[in-house]
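According to TrEMBL, the protein carries these features:
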- 6-90: domain 'Cytochrome b5 heme-binding' (DOMAIN)
- 112-132: transmembrane segment (TRANSMEM)
- 138-159: transmembrane segment (TRANSMEM)
- 286-304: transmembrane segment (TRANSMEM)
Amino acid sequence: MEGENKKYITSEELKEHNKPGDLWISIQGKVYNVSDWAKDHPGGEVPLLNLAGQDVTDAFVAYHPGSAWKYLDPFFTGYHLRDFKVSEVSKDYRKLVSEFVKMGLFEKKEHVTLYTLSSVAVMFSIVVYGVIGCSSVWAHLGAALLLGLLWMQSTYVGHDSGHYEVMSSPGYNKLAQILCGNCMTGISIAWWKWTHNAHHISCNSLDYDPDLQHIPVFAVSTRFFNSIKSCFYGRKLVFDSLSRFLISYQHFTFYPVLCFARVNLYLQTLLLLFSRRKVPDRAFNIMGILVFWVWFPLLISSLPNWGERVMFVLASFAVCSIQHLQFCLNHFSADVYEGPPNGNDWFEKQTGGTLDISCSSWMDWFFGGLQFQLEHHLFPRLPRAQLRKISPLVIDLCKKHNLPYRSLTFVEANLWTLKTLRTAALQARNLSNPSSQNLLWEAFNTHG
């Protein structure tokens, strides 16, 4: 009798509610109106807009603990999805999440944050002593190299704390984000959340994933040559003569550009924090950035001459570029697509858009757990200490549903990425060819 009184809408009708001010989603077949609440969403408005008008159950399960379900009731429209279906892949994925919850894996963090923060504190002390307490140029170079490693480890804590609570309370967790992100690295946690949540939801979408949108410097697909619109930034990614020139040599400039990638991150941070966009905890973020821009210039100014100062900055940036490289290796040569993410193929899109980096367990600290990129994308709330343990289960699930699970060595991942960049670079040089030949090239060389 209860089923007869239910009100239903179809998936096509749900799709009509897919814009700001009219934003509906479905979770487990129940339809919710989150139009007014979207701007207050802790994960930002972008993930909701990207998945608007769809069933988002898999994404909701991936990003929210069980306690989040009780907050949905005020947004329930009274409608259910008439043609609601769950794929076999999604059934198995949700079952795996449920098993991890029962095993308590989401709570087993194994003191990784404590160890990492302790190592960051020790490294920072050594860096300061190496610059101020030593006069040897080799000691200064060693301090610069260690600072680059410190930035990497501090970033991993910031990354972890953005996905789940690494501290004993939400307040301390926010403090860890500001200290490890803003104060220590000069990169705003607010900027990171804004872009990173969009990346996870729209993994490897050319027009929705900001982590692939590097025009005019890099292009991982020739589809960028059509000057596609970035739905994240709200502007066209113009492929002009400058873009064509730079991308034509991107497989040569890739590593040198990464050495200066931090400069762009500093700029992006400032652009966001001083924009008109709504930024959570804007004041705390700005204060944290100011802390960085006090201690870092002071540290550099303590060096005896400009030659050593330039050496110090370049060396620290070069070491930290390994982390920027890792992020590129995980996605640049994976499958790409155009358009918004589809809530009904969450698992498939994550497997298609990610690559793992195989390494020994003793190297997990160096990669921060992100070498298990697919595992992290499927279970973003899972502490990094558990990613290696659950990897065999993910492999089995991919095999069961005939989905890709790609785990490459560090060298292999670099070669794959360079091949992807070279393919697009050669086509950028070849744009004067007849359109039919360009279409043939596109057919054979575009991922996804």
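Here the Cβ of each residue, glycine as well, is placed from N, Cα and C on the backbone.
Bear in mind that the values here come from a model prediction, so they are computed numbers and not experimental data.
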For the domain 'Cytochrome b5 heme-binding' (6-90), mean pLDDT (0 to 100): 92
For the transmembrane segment (286-304), sequence-distant contacts whose Cβ falls under 8 Å of one of its Cβ atoms, 6 or more beyond its ends: 127-128, 131-132, 135, 140, 178-179, 181-186, 188-189, 269-270, 273, 312-313
Helix, strand and coil totals (DSSP H, G, I; E, B; other) for the domain 'Cytochrome b5 heme-binding' (6-90): 33 helix, 22 strand, 30 coil
